[in-house]
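Okay, so here's the structure we're looking at.
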Amino acid sequence: MKYKRIVFKVGTSSITHSDGSLSRGKIQTITCQLAALHHAGHELVLVSSGAVAAGFGALGFKKRPVKIADKQASAAVGQGLLMEEYTANLSSDGIVSAQILLSRADFADKRRYQNAGGALSVLLQRRAVPIINENDTVSVEELKIGDNDTLSAQVAAMIQADLLVLLTDIDGLYTGNPNSNPDAVRLDKIEHINHEIIEMAGGSGSANGTGGMLTKIKAATIAAESGVPVYICSSLKPDALAEAAEHQADGSFFVPRAKGLRTQKQWLAFYSESRGSVYVDEGAEHALSEQGKSLLMSGIAGIEGHFSRMDTVTVYSKATKQPLGKGRVLFGSAAAEDLLKSRKAKGVFIHRDDWISITPEIRLLLTEF
């Protein structure tokens with residue numbers, strides 16, 4: 001078995017008709033493949049969009065609504081209808097499904113993050129298939145994850161999946177938009193995600209990318225940095241899920257980081273909210289970036305913001321003003337500033353176990369998406 005634990009993400013277009021309504025036929029195609037993989041011994045998670053599409057017609061809307069309240073109401077109705085369809089199909093094959101609705105707050109709060117990961121682990125151990133969506137009905141725009149590509153990558157990283165498969169209506173990442181550029185070539189294997197890759201996907205003001213591809217590159221970055229390989233492939237092929245599971249998919253494959261980030265480091269890098277800024281001298285910069293050591297109080301050159309003990313802060317080089325990483329502090333800002341003023345600044349400020357260096361890929365996540 002090439003990949004045992006797999007997260008599949010299907011977008012709204014993969015399970016709806018051209019008029020935006022839910023397609024039971026498309027859902028059945030997906031669940032039949034999931035059932036076959038489940039019976040073959042794979043552990044599966046499905047991240048599925050489509051709640052609004054499933055619900056807007058039942059509320060009497062003639063087309064997909066655009067107002068936030070209308071979309072949230074449609075999602076409230078549609079999520080149940082969507083789960084009903086998935087549950088009925090999977091249960092006919094003797095498979096238990098579970099609904100999990102997540103929001104950005106579930107990742108930002110460390111305890112909730114750990115609890116969600118624990119629940120998912122139990123479900124997979126008990127051979128259930130978790131079906132996950134963002135909690136659209138209660139999420140406010142400013143606090144949303146924003147897209148299920150990102151959510152699927154966060155889940156894949158959280159449970160240390162063996163593979164993330166992003167199913168879409170295009171068979172991978174191209175050098176240009178294949179719908180308008182006949183010279184566009186698909187990239188079958190991507191080893192490093194950089195500015196050029198982002199531009200191909202439609203970032204940095206580019207007009208070359210295809211709709212939705214940029215969020216998939218963001219998702220691939222999160223997953224690959226966490227040690228999870230990623231496929232972007234078309235959901236239109238009848239055996240797309242099975243082919244991806246055996247590393248035979250017709251799509252773009254993203255090679256993961258050789259040593260993926262542990263769960264604690266993932267949380268620091270991608271989800272923890274920075275409460276302040278700390279500037280360090282050259283000696284501390286070298287110790288953090290080159291030697292993998294803890295940040296000592298004696299290396300601090302300046303503090304900005306108000307934070308408490310065990311809050312996350314961003315650490316910058318005093319010389320270059322560039323971010324070096326993020327970490328959880330052992331002193332609040334007030335206590336640290338008092339120690340610095342008294343010239344009794346001794347001890348560890350950020351332990352190396354609570355520190356993550358900002359790699360070029362993580363820097364792209366912070367600046368480009």
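In case you wondered, yes, glycine gets a Cβ from its N, Cα and C as well.
A C-beta separation below 8 Å, combined with a sequence spacing of at least six in one chain, links Asp169 (ATP binding site) to Gly11, Ser13, Ser14, Ser234, Ser235, Leu236. What Swiss-Prot lists as ATP binding site is Lys9, Thr168, Asp169, Thr210, Gly211, Gly212, Met213, Leu214, Thr215, Lys216.
With a cut-off of 8 Å between CB atoms and residues at least 6 apart in sequence, the same chain places Val10, Gly11, Thr12, Ile15, Asn133, Asn148 near Ser49 (substrate binding site), listed in sequence order. Summarising the annotation, Swiss-Prot assigns substrate binding site to Ser49, Asp136, Asn148.
What Swiss-Prot records for 275-355 is domain 'PUA', and it gives sequence analysis as the kind of evidence.
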Through the lens of DSSP with three states only, how would you label Lys9 (ATP binding site)? strand
Sorted by position, what residues of the same chain at least six away from Met213 (ATP binding site) have a C-beta under 8 A from it? Ile170, Leu173, Ala201, Gly202, Ile232
Counting Cβ atoms within 10 Å of each candidate's own Cβ, which of the binding-site residues Asn148, Thr215 comes out highest? Asn148
Rounded inter-Cα distance in Å - Asp136 (substrate binding site), Lys9 (ATP binding site): 17
Tertiary neighbours of Lys9 (ATP binding site) (same chain, Cβ under 8 Å, six or more apart): Leu46, Val47, Ser48, Asn148, Asp149, Leu151, Ser152, Leu164, Val165, Leu166, Leu167, Ala219
So Asp136 (substrate binding site), by the Cβ count within 10 Å over all chains shown, scores 20
How many of the residues that make up the domain 'PUA' (275-355) does DSSP mark as helix, as strand and as coil? 24 helix, 29 strand, 28 coil
